[in-house]
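Some notes on the structure that comes next.
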Amino acid sequence: MATKTELSPTARESKNAQDMQVDETLIPRKVPSLCSARYGIALVLHFCNFTTIAQNVIMNITMVAMVNSTSPQSQLNDSSEVLPVDSFGGLSKAPKSLPAKSSILGGQFAIWEKWGPPQERSRLCSIALSGMLLGCFTAILIGGFISETLGWPFVFYIFGGVGCVCCLLWFVVIYDDPVSYPWISTSEKEYIISSLKQQVGSSKQPLPIKAMLRSLPIWSICLGCFSHQWLVSTMVVYIPTYISSVYHVNIRDNGLLSALPFIVAWVIGMVGGYLADFLLTKKFRLITVRKIATILGSLPSSALIVSLPYLNSGYITATALLTLSCGLSTLCQSGIYINVLDIAPRYSSFLMGASRGFSSIAPVIVPTVSGFLLSQDPEFGWRNVFFLLFAVNLLGLLFYLIFGEADVQEWAKERKLTRL
């Protein structure tokens with residue numbers, strides 16, 4: 001008969017190592033980050049995310065120019081609504097693009113399973129994911145300018161060419177693991193492999209679907225991502241409409257004002273990754289760091305949005321608060337969004353896709369619920385929308401704070417069959 005036994009009998013004795021605190025007896029001396037292979041891969045992923053989101057954003061920007069250049073003049077029948085956004089602030093321009101972007105994120109997490117040392121995982125993931133925000137900023141800032149000066153086809157030529165360069169770079173630079181990487185130093189290879197040997201095994205095992213469905217830490221990540229995406233969706237879709245209706249200023253007509261929140265978010269997101277890893281070097285438990293990052297990325301952002309209806313100042317102050325709120329929200333990149341790499345590194349790519357799919361329900365619900373509240377109460381509708389945002393965000397955050405973990409789960413550990 002066959003029974004399942006733990007591959008590592010000392011796993012329970014290394015709880016601090018499971019909390020991702022650096023154990024100097026297991027991990028060799030850290031190698032420099034500058035010109036290292038792992039940070040080179042993070043920059044390539046940053047460029048890939050930049051390209052993916054920028055290509056989605058320019059589709060919405062150039063669509064207006066395409067229609068205006070091919071259709072006769074007619075009576076205006078436009079709307080101030082825009083399409084939903086994704087978890088990191090990227091505009092979702094077409095439903096068919098959502099599965100593609102989910103696979104891109106899941107694939108990236110599969111790379112970090114083999115390339116991301118636990119004590120550097122926050123900054124590596126933040127560098128990679130921040131490419132989405134830089135892509136939004138660049139496309140919004142120059143997409144309209146290129147369309148007006150060179151013509152809308154050149155927008156596709158330029159960003160399509162960037163995509164081709166990105167593909168070539170991916171094929172040359174990206175490898176499955178450090179062992180097969182031809183340009184990595186021996187010291188860095190040993191450092192990465194030793195850092196991950198307690199988490200990632202070599203054998204392939206089936207997905208423990210039932211255990212995942214019963215896992216409260218997994219559900220805390222899913223609900224936390226859902227509530228945070230509710231925040232981001234409302235922030236990007238409805239805040240510009242709010243400023244337009246209250247202050248009679250259309251910030252979407254100003255490329256710099258529209259792009260400013262994304263460049264601020266880009267900076268704060270990467271700084272947050274470095275701060276998270278810095279706290280780990282100060283012997284903070286990993287779950288503490290993840291929860292601090294999630295709190296800072298959720299509560300201040302939602303509180304700033306709730307305060308908007310009570311401001312007596314002009315639209316500049318409101319836009320500044322919106323920019324700050326958008327920037328702070330990306331701190332969750334170092335918190336809840338990479339938590340699956342901590343609790344189940346072997347299945348992180350699948351769980352990233354699953355949690356992202358679950359959280360994508362929020363952008364579908366937000367326009368319907370918010371539109372209903374605004375139509376029912378024109379006077380206090382905006383306050384109701386923002387208080388609902390705060391309530392949903394707070395509930396998801398509390399659930400994550402109560403049930404979130406950072407230890408590798410029992411069902412995610414490597415096991416082997418022994419014959420008796």
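Each residue, glycine too, has its Cβ placed from N, Cα and C.
Just so you know, the Cβ of ASN49 (N-linked glycosylation site) picks up 26 other Cβ atoms within 10 Å once every protein chain is counted. ASN49 (N-linked glycosylation site) falls within a helix when secondary structure is assigned with DSSP. Feature annotation from Swiss-Prot assigns N-linked glycosylation site to ASN49 (among others); the stated evidence is sequence analysis.
All protein chains considered, the CB of ASN60 (N-linked glycosylation site) has 17 other CB atoms within 10 Å. According to Swiss-Prot, the feature N-linked glycosylation site maps to ASN60 (among others).
Annotation source Swiss-Prot lists N-linked glycosylation site at ASN68 (among others), citing sequence analysis.
If you look up Swiss-Prot, you'll see ASN77 (among others) marked as N-linked glycosylation site.
According to Swiss-Prot, the feature region 'Disordered' maps to 1-21.
What Swiss-Prot lists as transmembrane segment is 126-146 (among others).
Residues 40-41, 44, 47-48, 51, 54-55, 58, 61-62, 111, 139, 143, 146-147 of the same chain lie 6 or more positions beyond the ends of the transmembrane segment (154-174) yet place their CB under 8 Å from a CB of it. Annotated transmembrane segment per Swiss-Prot: 154-174 (among others), in sequence order.
Residues 81-89, 91, 212, 294, 297-298, 301-302, 305, 322, 325-326, 329, 332, 336-337, 339-340, 343-344, 351, 354-356, 358-363, 365-367, 370, 385-386, 389, 392-397, 399-400, 402-404 of the same chain lie 6+ residues outside the transmembrane segment (218-238) yet bring a C-beta within less than 8 angstroms of a C-beta in it. Sequence annotations record features per position, and here Swiss-Prot assigns transmembrane segment to 218-238 (among others).
Here the transmembrane segment (256-276) has Cβ contacts under 8 Å with residues 89, 122-127, 129-130, 133-134, 136-138, 140-141, 240, 289-290, 292-293, 296-297, 319, 322-324, 326-331, 333-335 of the same chain, all six or more residues outside its ends. Feature annotation from Swiss-Prot assigns transmembrane segment to 256-276 (among others).
The annotation transmembrane segment is assigned in Swiss-Prot to 292-314 (among others). Within its own chain, the transmembrane segment (292-314) has Cβ neighbours under 8 Å at 122, 224, 227-228, 231, 234-235, 239, 242, 247, 272, 276, 279, 321-322, 324-326, 328-336, 382-383, 386-387, 389-390, 393-394, 396-397, 400-401, 404, counting only residues six or more beyond its boundaries.
Here Swiss-Prot flags 319-341 (among others) as transmembrane segment.
What Swiss-Prot lists as transmembrane segment is 357-377 (among others).
Look at Swiss-Prot and you will find 385-405 (among others) tagged as transmembrane segment.
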For this session: Check the transmembrane segment (319-341) against each of 126-146, 357-377, 385-405 and return whichever range has the most CB pairs under 8 Å.
Result: 126-146
For this session: To the nearest whole angstrom, state the Cα distance for the pair ASN49 (N-linked glycosylation site) and ASN60 (N-linked glycosylation site).
Result: 18
Problem set entry | Residue numbers, six or more beyond the limits of the transmembrane segment (126-146), whose CB comes under 8 Å of its CB atoms | 39, 42-43, 45-55, 57-58, 61-62, 86, 88-91, 108, 154-155, 158-159, 255-256, 258-259, 262-263, 265-266, 269-270, 272-274, 276, 330, 333-334, 337
